[in-house]
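A quick write-up on the structure given underneath.
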Amino acid sequence: MGHSSHNTCAVALAISCLIVAASAGSFYDEMDITFGGERAKISNGGQDLSLSLDQYSGSGFQSKHEYLFGRFDMQLKLVPGNSAGTVTTFYLSSQGAGHDEIDFEFLGNTTGSPYTIHTNVYSQGKGDKEQQFHLWFDPTAAFHTYTIVWNAQRIIFLIDNIPVRVFNNHEAAGVPFPKSQPMRVYASLWNADDWATQGGRVKTDWKNAPFTAYYRKFNANADKVGPNSRSTSSVNDNQAWRTQGVDAAGRNRIRWVQNKHMIYNYCNDRRRFTNGLPAECTRSRFL
């Protein structure tokens, strides 16, 4: 008697585990492969996704849902070895003219040289807000979590929960901010050897193809938009992203990242902005 009730308990436990696993977001449920055919592979029951690039094509996927504000987490393991010429991406974007976009792009490099993490924010079709970083770890050796928090006040880029960049809403100063166009999540791996590595001087070495990047543990704690628009966040979920800012500890981390690991900041590029820096650059860097 005791034995059979123990079994029932184990079954109940297994079911509750399945529910928890499913809530993390299966790639089958959350994503559509957009290009590259067999080069994009979902595996491990929907928990893992790999993208590959060869001489003929890269590959990519996008979310089935559109969102207006949220927190978007993805774990990535980037192309190892000589990844020169390749670009791996994880970003949000709306469609059409005057689109909005929030970008993480990972620019490959020759073996032993660091990846460049490229971030940008587009609003109403205009970007030109690039900040670039090198990482304090090898992004090809293990999975790391890359996060975009997007709310009405600001956009925060985080790596392993460390804020690396904040783009505040400065509409009051006339700076467009993405807040009215729903966006999908996108990811891709493609060949950009005309510009990706050392300004295009280092080309993709196809002897190393196929190049493969790995994605897992996608989670959107976000407001879905569309016919069945319900927030994906249940009442119990952490809704901190709606008002998330950067506290004193976070500002210290950003200063550390920007002092030690930033390699380009559009706000310091006076040669490019000969008529004066963009309006948001004259505001506090670390609000």
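The backbone N, Cα and C atoms fix where each Cβ goes, glycine too.
Taken straight from TrEMBL:
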type     : residues : note
SIGNAL   : 1-24     : signal peptide
DOMAIN   : 21-215   : domain 'GH16'
ACT_SITE : Glu101   : active site, nucleophile
ACT_SITE : Glu105   : active site, proton donor
CARBOHYD : Asn109   : N-linked glycosylation site
REGION   : 225-244  : region 'Disordered'
COMPBIAS : 228-242  : compositional bias 'Polar residues'
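Where TrEMBL records a feature, it is marked here on the structure.
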| residue | record | CB count, 10 Å |
| --- | --- | --- |
| Glu101 | active site, nucleophile | 18 |
| Glu105 | active site, proton donor | 19 |
| Asn109 | N-linked glycosylation site | 20 |
